[in-house]
Amino acid sequence: MSHSPLSSSIADLRKSYERAELSEDASHADPLLQFDQWLREAIAAQVPEPNAMTVATVGSDLRPSTRVVLIKGYDAQGIVWYTNYDSRKGRQIAGNPYAALQFHWVELERVVRIEGVVEKVSEAESDAYFHSRPLDSRIGAWASPQSQVIPSRGMLVANAAKYGAQFLLKPPRPPHWGGFRLRPDQWEFWQGRKSRLHDRLRYRLEDGTWERERLAP
C-alpha cells in the first residue's frame with residue numbers, strides 16, 4: 001500500500017491559542033516563582049508528565065543535540081536532573097557547560113525555556129537520590145552503557161541479571177551516574193495567544209538581579 005506525502009496536510013494543521021494570557025502585572029518578578037506556579041498548574045491540570053523537559057547541549061563538533069529527561073528538583077540554585085555522566089549529554093556538558101532546557105505543556109498552551117551553565121551536583125545529593133529510586137532503576141543504571149552501541153537488547157537483560165545477582169538488594173551508586181544542576185541566567189515564559197500574538201516574557205540575570213522584558217512573538 002502506497003502512502004501520499006503528508007506535507008500538504010501538515011501545513012494545514014493549526015489551532016488558535018485562547019486559554020490564558022501572561023502580563024507583566026500578573027507575573028512574578030522572580031522567574032523561579034513564576035516557574036513554580038506554572039509547574040503546579042500543569043500538575044493540577046493533569047498534564048501528562050509535567051516534569052518532562054528537553055535538554056539541549058552542544059558538542060565539541062558544534063552539533064547540537066536534544067533529549068527528554070525528568071526534572072528532579074529546583075530551587076534558587078537551579079534545575080536538577082540525573083543521568084549517566086558517560087552519556088552523550090554528559091560528555092557534551094563536560095566539554096561545554098552551557099545548556100538550555102524547555103518545558104512544553106501543550107494542554108495549557110505554555111512553554112518555559114531556561115538557559116545557563118551546568119555543573120555536577122554534590123556526591124551526597126547524587127547518593128541520596130540514587131538510593132531513593134526503585135531497585136530496578138538502580139540496577140538499570142549499572143546495566144546500561146548509555147549512548148553506546150550495543151549488539152542487542154539481550155545484552156541489557158543479561159547485564160541487569162548479572163548486576164542484580166552481584167548487588168542483591170543494595171546496589172551502590174555507579175561512579176558514572178549522578179546529577180546535573182543548570183544554574184539559570186535566562187528564563188522565557190511563553191503563553192499562546194489568539195492570532196499568533198503570543199505573550200513572551202524573558203528574564204535576564206544582570207548583576208545579580210532579574211530583569212524582566214517582553215519579547216515580540
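Including glycine, each Cβ sits where the backbone N, Cα and C put it.
So that you can see what the record holds, here are the features copied from Swiss-Prot:
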BINDING   Arg14, Lys15, Ser16, Tyr17, Lys72, Tyr129, Arg133, Ser137, Arg196, Leu197, His198  substrate binding site
BINDING   Arg67, Val68, Val69, Leu70, Ile71, Lys72, Tyr82, Thr83, Arg88, Lys89, Gln146, Ser147, Trp190, Arg200  FMN binding site
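Checked against Arg133 (substrate binding site) by C-alpha proximity, the binding-site residues Arg67, Val69, Gln146, Trp190 yield Val69 as the nearest.
Residue pair Gln146 (FMN binding site) / Lys72 (substrate binding site) shows a Cα separation of 19 Å. Closest to Ile71 (FMN binding site) by Cα-Cα distance, out of the binding-site residues Arg14, Ser16, Arg196, His198, is His198. Listed in sequence order, the binding-site residues near Trp190 (FMN binding site) (C-alpha within 10 Å of its C-alpha) are His198, out of Arg14, Ser16, Lys72, Arg196, His198.
Here the CA atom of Arg88 (FMN binding site) lies 36 Å from the CA atom of Arg196 (substrate binding site).
Take the Cα of Tyr82 (FMN binding site) and measure to each of the binding-site residues Arg14, Ser16, Lys72, His198: the nearest one is Lys72. Ranking the binding-site residues Val69, Ile71 by other CB atoms within 10 A of the CB puts Val69 at the bottom. For Trp190 (FMN binding site), the count of additional Cβ atoms within 10 Å of its Cβ stands at 21 [all protein chains shown]. The 10 Å shell around the Cβ of Gln146 (FMN binding site) contains 16 further Cβ atoms across the protein chains shown. Highest Cβ count within 10 Å among the binding-site residues Arg14, Arg133: Arg133. Remark: of the binding-site residues Arg67, Lys72, Arg88, Arg196, the most isolated position is Arg196 (fewest other Cβ atoms within 10 Å of its Cβ).
Across the structure, Arg67 (FMN binding site) and Arg14 (substrate binding site) are spaced 25 Å apart at their Cα atoms.
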